[in-house]
Amino acid sequence: MMFDTLGKRCCPWRLKPSALLFLFVLCVTCVPLSVCGCGSCRLVLSNPSGTFTSPCYPNDYPNTQSCSWTLRAPAGYIIQITFNDFDIEEAPNCIYDSLSLDNGESQTKFCGATAKGLSFNSSVNEMHVSFSSDFSIQKKGFNASYIRVAVSLRNQKVILPQTLDAYQVSVAKSISIPELKAFTLCFEASKVGNEGGDWTAFSYSDESLTQLLSLEKASNGYFLSISGSRCLLNNALPVKDKEDIFTENLEQLCLVWNNSWGSIGINFKKNYETVPCDSTISAVVPGDGTLLLGSDRDEVASLRGSIYNFRLWNFTMDLKALSNLSCSVSGNVIDWHNDFWSISTQALKAEGNLSCGSYLIQLPAAELTNCSELGTLCQDGIMYRISVVIHNDFNHPEVKVQTKVAEWLNSTFQNWNYTVYVVNISFHQKVGEDRMKVKRDIMDDDKRLVLWALLVYNATNNVSLNEEKIKQKLMTNNASLEDGLRLCEVDVNQLGMCSALEDPDGFSWPATLPSVYKQPCPNKPGFFMTRACLSNGTSTFWGPVDTSNCSRQSNEVANEILNQTGDGQNLTSANINSIVEKVKRIVNKEENIDITLGSTLMNIFSNILSSSDSDLLESSTEALKTIDELAFKIDLNSTPHVNIETQNLALGVSSLIPGTNAPSNFSIGLPSNNESYFQMDFGNGQTDPLASVILPPNLLENLSPEDSVLVRRAQFTFFNKTGLFQDVGSQRKVLVSYVMACSIGNITIQNLKDPVQIKIKHTRTQEVHHPICAFWDMNKNKSFGGWNTSGCVAHSDLDAGETICLCSHFTHFGVLMDLPRSASQIDGRNTKVLTFITYIGCGISAIFSAATLLTYVAFEKLRRDYPSKILMNLSSALLFLNLIFLLDGWVTSFGVAGLCTAVAALLHFFLLATFTWMGLEAIHMYIALVKVFNTYIHRYILKFCIIGWGLPALVVSIILVSRRQNEVYGKESYGKDQDDEFCWIQDPVVFYVSCAGYFGVMFFLNVAMFIVVMVQICGRNGKRSNRTLREEVLRNLRSVVSLTFLLGMTWGFAFFAWGPLNIPFMYLFSIFNSLQGLFIFIFHCAMKENVQKQWRRHLCCGRFRLADNSDWSKTATNIIKKSSDNLGKSLSSSSIGSNSTYLTSKSKSSSTTYFKRNSHSDNFS
């Protein structure tokens, strides 16, 4: 009975209509959140952008809806909504259906179509949208899109350069930059593109536009300019030579300077290094200037990229502080905040992946560290000790209490008007009576804990902060302490400083906070004495002065450097730069260098020369200058000669007496025993030296009185390793000898009547043809140095393995050799003649290649067979090869690197295409004449085109992808004087593999095909009995000549252009190859009978015009009668298959398909 009753109640068809109506109303009123098939309309949207719509859009929205959307963005953003479509039931005051928009300040209702196409912005980082509909009249609804819009600089970066003055990015006028005796400057930057060039990242200048502080990249390195002093930063930047420090990704760079250091600290890519800059000692950066991002000068470009999170402090941070530097540490002089900057919206770009950008998830508070670990962060600020009493209601462990209090202090001071740092927090520990008092306090209430924190305030713009303000700030933020922690008491006291002090020795120590203070040693630049300001918790006092660095002698420092460069030491480019700077400092400091110190320094340079050439390149100029200065300062008071020999370097110094005719000569060779590295001789010289210098007898005559005082010595330096002499601007000449340097005192001698004679042995075992004498010019290649031949000539009387150079001045001398692909072996006159022939020939070839191509394109009957189509492709390749070659020199004159690279790559491509199509001509002849039977090839011409154009394109593409474009293609000089420039392949490996090697393969293939084809022609023509011997020879000769130009046999002259036959074969090569297009036109177009008929029919008039009824087909009917008569003719005209009747008469029927495509060509003669 019970189950029966239950069953009746559960059957819906047994319910009364009133009950059904009740259930329907209940469903509609209580479940309006989702509509069948339309999804939920109560959402929280936190994506950077997106869309949302009314329920069931674009269909009509249902009745009785109540929807809401919350759009949320991180701090520093606002929300922008745009209604793409809007159609809601319209009524006065929107009393029926409506959409409500809450932007954080006000709420607005919309209905009808009023909001369509409109955009609305929120005033905060959150916006609420609600939609409701009543029980009747449905409409289409709305479609809205939303996007975050960054308003805080934390979420935006600055794009540089900004060319218009109105868009320049500068510090706001309301911000006054104070006078700086120290600073820490950090910013993130990126660079667009790989092109080089000078740039400026930021510049700070006064009203007269005098630069006071800037970061620049120049041709010879990266510089930080401080009050007129330029400090080279290269040694501290972990980047390879010629690479930019900034890439496409933002990287943070921090610069630290104090006017008492004489150096600059650089933190970049998690690497902290210092570089010396003695000229900034005691320097001051004046205040009240203007700071710009980018360059403030027209002659220097701005960094092309972006800058982000630029912050400046008027104190220094050490490695620990920089490593722990977080986004919450605001710059006390300049911060990355809207209030500090004047930036046009055109210069800003918002991104969602910035290092200090806002996120919806709250980032953890920064970890606090001890002030002692932060170096000079605490040195220039005012320090306060904060004592807080916390009531621990829930008996949390002390570690948790300390963590929560640290987070509370950090958040309390994070966005305050004063720039302060909480750098330490700990539980209060005391001794004696104070300790007993604390203990009694805790016994009275075991939930009370006393914590001490150290607060550092760095005053900016003379804004004062006192203890009462700090205490008030903490008390008003009491509510932010959570988890059962209550603030009971706060006590703030300013920590004392060590008072200013002057020692009896005359050293002044300024008033400072507890830290280590250093100042330069007297009469010893680059070294510092130190003194610590100490604290015992209640007072501060000065510690003893540490002058150990000042007492170190140059010999001691040099020996330490020598140990750093000894055997087994792997020196990087940065290490070598640092070592050269240290040695330079020692050499500059000493007035006279004795033999002991000089030997140590020479051994340092010798060890450096054992490093790789790439690591030596950056420091080569400074190293050479330092070696020259070292040679000039070697002490000669006790001896007339000084010899210093090392493994890779030797120095000889000899005294001179002005007014005498006995200047010193010098020679250096290998020793007769193994007791030393080299053997030097001043005087008559050795019999077989590695290098020798003979000075002219009248060298010291006619010197001015001033110069006579300076000329007391002659310095000779021999370089066994030549890694310091790398000419980055020339890839054609290579150094093939040792390097010998010679100088007289400290003066410049040039334009000598009688030249100085330098004999140098070659380091290469192979014979050096046409050696070039040159000297090392340190001003070339943007101060990187390079070889210069001015004032030096090679003596005509040369022995194998050495060169005698006659020069009219003194410096570093060496012997160069031109690489085999260079044209410097050709004298200037022949170079001009060959250039003239080449350009005239290429012009003629381009004209007739175009004529050949135009003929076959214009007359459809001529291009029906395979040989004609192959000839058209070969003519196209030749035409573009000649045109690009003719335009190349003109394009080079523009000096646009990218355009030069493109032209060189195109020239390379069409050269390879020409080689390839000549090879395909040979392969086609082989197939047509030798492989006669069963040689049908599907899509024959298509496959040839894929090979003929695709293979060169593949080679050039691989080169462009696998190597940097500017390393492979670029400007090349040619001619003996290297004055003419051409866009071509720079890399010798690429040239020999992809040009010489590629051509070699094609050439030998064509030679083989040429021989096979000529054997076939001569064999078949020899069977004819109705032709005289003279006719036979002439026909075969014409076949040889026509095939020679068609298959590019004349390019083989390049293999014979060396040694004594170089000039004749260069002329043959230039004449025949530049006119290849003309010869192809003559033999394979103008002399073809079917071409002549088409010309006469369509281009001639009068008696020369061929009658229209003289049809081509009539001639074709006579082909059978001509038999092998025309074989040589058809071959010489590139119409291999035109004699198909003869060939197919002997072939199987299966070959007919192939040869019928070749049967439409006529024969010439």
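The backbone N, Cα and C atoms fix where each Cβ goes, glycine too.
From a predicted model like this one, the values you see are computed outputs, not experimental measurements.
Taken from Swiss-Prot, the feature N-linked glycosylation site covers Asn143 (among others), and the record attributes it to sequence analysis. Other C-beta atoms found within 10 angstroms of the C-beta of Asn143 (N-linked glycosylation site) number 18, with every protein chain shown included.
Residues annotated as N-linked glycosylation site in Swiss-Prot: Asn258 (among others). Classification of Asn258 (N-linked glycosylation site) by DSSP places it within a strand.
Cβ contacts within 10 Å of Asn324 (N-linked glycosylation site), excluding its own Cβ and spanning all protein chains shown: 15. What Swiss-Prot lists as N-linked glycosylation site is Asn324 (among others).
Here Swiss-Prot flags Asn353 (among others) as N-linked glycosylation site, drawing on sequence analysis. Asn353 (N-linked glycosylation site) counts 7 other C-beta atoms within 10 Å of its own C-beta, drawing on all protein chains shown.
According to Swiss-Prot, the N-linked glycosylation site annotation covers Asn370 (among others).
If you look up Swiss-Prot, you'll see 446-807 marked as region 'Mediates interaction with laminin-2'.
If you look up Swiss-Prot, you'll see Asn462 (among others) marked as N-linked glycosylation site.
Per Swiss-Prot, N-linked glycosylation site is recorded for Asn549 (among others), and the stated evidence type is sequence analysis.
Summarising the annotation, Swiss-Prot assigns N-linked glycosylation site to Asn570 (among others). Take the CB of Asn570 (N-linked glycosylation site) and look out to 10 A: across all protein chains shown you find 8 other CB atoms.
Swiss-Prot lists Asn674 (among others) with the feature N-linked glycosylation site.
If you look up Swiss-Prot, you'll see Asn746 (among others) marked as N-linked glycosylation site. Asn746 (N-linked glycosylation site) has a Cβ environment of 15 other Cβ atoms inside 10 Å.
Mean per-residue pLDDT, taken over the region 'GPS' (773-823), amounts to 77. For 773-823, the entry in Swiss-Prot reads region 'GPS'.
Annotation comment: Swiss-Prot describes Asn781 (among others) as N-linked glycosylation site. Within 10 Å of the C-beta of Asn781 (N-linked glycosylation site) there are 18 other C-beta atoms, taking all protein chains into account.
Its Cβ placed at the centre, Asn788 (N-linked glycosylation site) has 16 other Cβ atoms within 10 Å. What Swiss-Prot records for Asn788 (among others) is N-linked glycosylation site.
As annotated by Swiss-Prot, region 'Stachel' applies to 812-820, with the evidence given as similarity to another entry.
All protein chains considered, the CB of Asn1073 (17alpha-hydroxyprogesterone binding site) has 20 other CB atoms within 10 Å. As annotated by Swiss-Prot, 17alpha-hydroxyprogesterone binding site applies to Asn1073.
Annotation note: Asn746 (N-linked glycosylation site) sits in a coil segment as assigned by DSSP. Asn258 (N-linked glycosylation site) is surrounded by 23 other CB atoms, counting those within 10 A of its CB over all protein chains shown. In this structure, the CA atom of Asn324 (N-linked glycosylation site) is 31 Å away from the CA atom of Asn570 (N-linked glycosylation site). Between the alpha carbons (Cα) of Asn781 (N-linked glycosylation site) and Asn258 (N-linked glycosylation site) lies a span of roughly 34 Å. Put simply, of the recorded positions Asn258, Asn353, Asn570, Asn788, Asn1073, the one whose Cα is nearest the Cα of Asn143 (N-linked glycosylation site) is Asn353.
Distance between Cα atoms for Asn788 (N-linked glycosylation site) and Asn746 (N-linked glycosylation site): 21 Å, as a whole number. Taking only the Cα positions, the spacing between Asn570 (N-linked glycosylation site) and Asn258 (N-linked glycosylation site) is 32 angstrom.
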